[in-house]
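These notes are about the structure you will find just below.
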Amino acid sequence: ESEPENKLDGETASDSESKSEFGGVVPAPAVDDTPEVLNRALSNLSSRWKNWWVRGILTLAMIAFFFIIIYLGPMVLMMIVMCVQIKCFHEIITIGYNVYHSYELPWFRTLSWYFLLCVNYFFYGETVTDYFFTLVQREEPLRILSKYHRFISFALYLTGFCMFVLSLVKKHYRLQFYMFGWTHVTLLIVVTQSHLIIHNLFEGMIWFIVPISCVICNDIMAYMFGFFFGRTPLIKLSPKKTWEGFIGGFFATVVFGLLLSYVMSGYRCFICPVEFNNDTNSFTVDCEPSELFQLQEYNIPLVIQSVIGWKTVRMYPFQIHSIALSTFASLIGPFGGFFASGFKRAFKIKDFANTIPGHGGIMDRFDCQYLMATFVNVYIASFIRGPNPSRLIQQFLTLRPDQQLHIFNTLKAHLIDKGMLASSEDA
């Protein structure tokens, strides 16, 4: 009762001071962005059911679009990831720009996009060097850029850093450093994670599709269970989230992950690593399936045997890994959404943008995906990935003849010591 009534829940005096320095955060007016066709078709429904149908129809449309881009192949998927990254960056930076613009310091937006360009140049340059090694070594301009890639990247970033220092204006130093930090945190959240998504894609499309599909499934099923059965609030940051939706989404996502993994593990186009073919200058996804994607027989625990009557079950080892992926997507992934909800509440906005009617902006749909991308990348590096013979051979062929001969003799001596190769004296 003693606190001023015009303060938000949890707002302190320091928050108010920061708000005044930023010129105040004005809530965006509510705008009905539902297509007119849907408005007319659903005009007789209550707002609750109207929102349900709008979200449902547009969710199906987005799922159909997802299937189309998967069909178009890995190159299109990488381009879509790049476009999503740029749009998410634009939505977050625009929120800061709307505050910052009132001080007539225009370099903020320019520098933000410049830093985005620098960071993308660094990450995509690293990717090209790793996965297109032979092509890079074959083309002289690419070879030079690859050799000095990190120095060029640092020089580009240093240029932006100096531009920022030169743009500092008296009386607004603290605000400008707020915005400098804003840009870099956005780059960390958006660009770094999208780079990891592309790395996951190169490990095999199944490592791209299954995690993303699990997050989508959890989002849908949590909404469905919460809509029909939700009674108990889950977290204050998202008042509409319920324990019923959270738990229901978890079990539904685990089952969905097992089924999707079983179906996809039988197709080489999904399980094979995406590699660049230097002869055809195109991507290939053909290989001999690893043990991860070969059916194995597993013994069922005695407790479960008494219930279902089965002693063994045949399944792909990847399905076991899918349980870890779906569990993370349903239990930890939503915290990416809670983080985004806290961010939006801090700036009194409902959504990051109104790009997708009923869903908000692109960032509103991908807030959980970025956290998932990091987990998948760490999971692959920790439990799945081993040495890549084809990449080692590519690097070996780019060495000088004397270096190749030295490695050959060293490898030959090693194999002879192991008894895997007969020595010339034995022959």
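Even glycines carry a Cβ here, placed using N, Cα and C.
All TrEMBL annotations are machine predictions without curation.
Note that the structure is predicted; figures quoted are calculated from it, not measured.
Residue ranges 84-106, 176-198, 291-313 are listed, and TrEMBL annotates 176-198 among them as transmembrane segment. Tertiary neighbourhood of the transmembrane segment (151-169): same-chain residues 103, 105, 107, 111, 114-115, 117-119, 121-122, 125, 145, 176, 180, selected by CB-CB distance under 8 Å and a gap of 6+ residues from either end. Listed as Cβ neighbours of the transmembrane segment (176-198) (distance under 8 Å, sequence separation of 6 or more from its ends, same chain) are residues 22, 78, 81-82, 84-85, 88-89, 92-93, 96, 100, 105, 108, 111-112, 115-116, 119-120, 123-124, 127, 164, 167-169, 208, 369-371, 373-374, 376-377.
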